[in-house]
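Features reported for this protein in TrEMBL:
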type     : residues : note
TRANSMEM : 32-51    : transmembrane segment
TRANSMEM : 63-83    : transmembrane segment
TRANSMEM : 95-112   : transmembrane segment
TRANSMEM : 119-138  : transmembrane segment
TRANSMEM : 158-175  : transmembrane segment
TRANSMEM : 196-215  : transmembrane segment
TRANSMEM : 227-245  : transmembrane segment
TRANSMEM : 257-288  : transmembrane segment
TRANSMEM : 294-313  : transmembrane segment
Amino acid sequence: MRPIFAVGLVFAGCCSNVIFLELLARKHPGCGNIVTFAQFLFIAVEGFLFEADLGRKQPAIPIRYYVIMVTMFFTVSVVNNYALNLNIAMPLHMIFRSGSLIANMVLGIIILKKRYSVFKYTSIALVSVGIFICTFMSAKQVTSQSSLSEDDGFQAFAWWLLGIGALTFALLMSARMGIFQETLYKQFGKHSKEALFYNHALPLPGFIFLASDIYDHAVLFNKSELYQVPVAGVTMPIMWFYLLMNVITQYVCIRGVFILTTECTSLTVTLVVTLRKFVSLIFSILYFQNPFTLWHWFGTLFVFLGTLMYTEVWNNLGITKSQPQKGKKN
């Protein structure tokens, strides 16, 4: 039941999280650093109180391994969020993050010497192509609506290329981190809550280098229009409300992901997260009333065909852990 519960957290938390992230990014495209900082701070404080027992509980996995994992995790989070400030539209942002399926499989073959069945290779290719079609068409729509002058065209394209490079780097680093997590859990056991805490607490000093940008956006958030929170009846600047909801939903999302990493292989986790990104994309299109073309439906078909093919190796609703043998096919 834990894996099923974790999948529910991933889909509920992450899909709603994308909505609030897009609301933030549409108003202030460069707000990635303050969003990342708020997410890390919230999860670190919660973990310090309830997981680390105010620092009295010793970690089951040696700190030196967490330092390596944290370096990768912090880098991926900051680079992914900062890419939104480099002329990368939200749908295009999802193109590269959905490509983690292929990156995870390739690195798994190279580093862990894994081998997979033909159906598994085909399913992952279909899922990746399907999400690519959907996100590419959405990105094309966003691009067609932009109104840049010719003088600004080259500069915008240069920033866009830098953003693509940043996302490519984050993609490969994220796949490598997933494999590193999998090897750690095999060696030291499953400790999802502990990993969640240390991955967010240890990087906090690194935000000192981003303090100026974080402060500038906090000032901008304070100047946003006031919003009365339903039920609570509290009035606050609307950008702070978006950030608060983004942080809460991100916690729900990443809690589910970390539980999955202890119950499934890194490839299965990647597939679940990738399918979540696809659902987030569709939900974002519907919520923000973006056109849903025939190409989007083709992408949807590819994703679900790929998912059905992948379920050949999923027992118990596709969440039971599979263990590929070295040099042998799954």
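Backbone N, Cα and C atoms are what each Cβ position is placed from, and that goes for glycine too.
Any TrEMBL annotation is an automated prediction that lacks curation.
For the transmembrane segment (227-245), same-chain residues at least 6 beyond its ends with a Cβ under 8 Å from one of its own Cβ atoms are 16, 20, 23-24, 27-28, 34-35, 38, 220-221. Sequence-distant contacts of the transmembrane segment (158-175) (same chain, six or more residues past either end, CB-CB distance under 8 Å): 72, 75-76, 79-80, 82-83, 86-88, 93, 96-97, 99-100, 103-104, 106-107, 270. Comparison of 32-51, 63-83, 119-138, 257-288 by number of C-beta pairs under 8 angstroms to the transmembrane segment (196-215) places 32-51 first.
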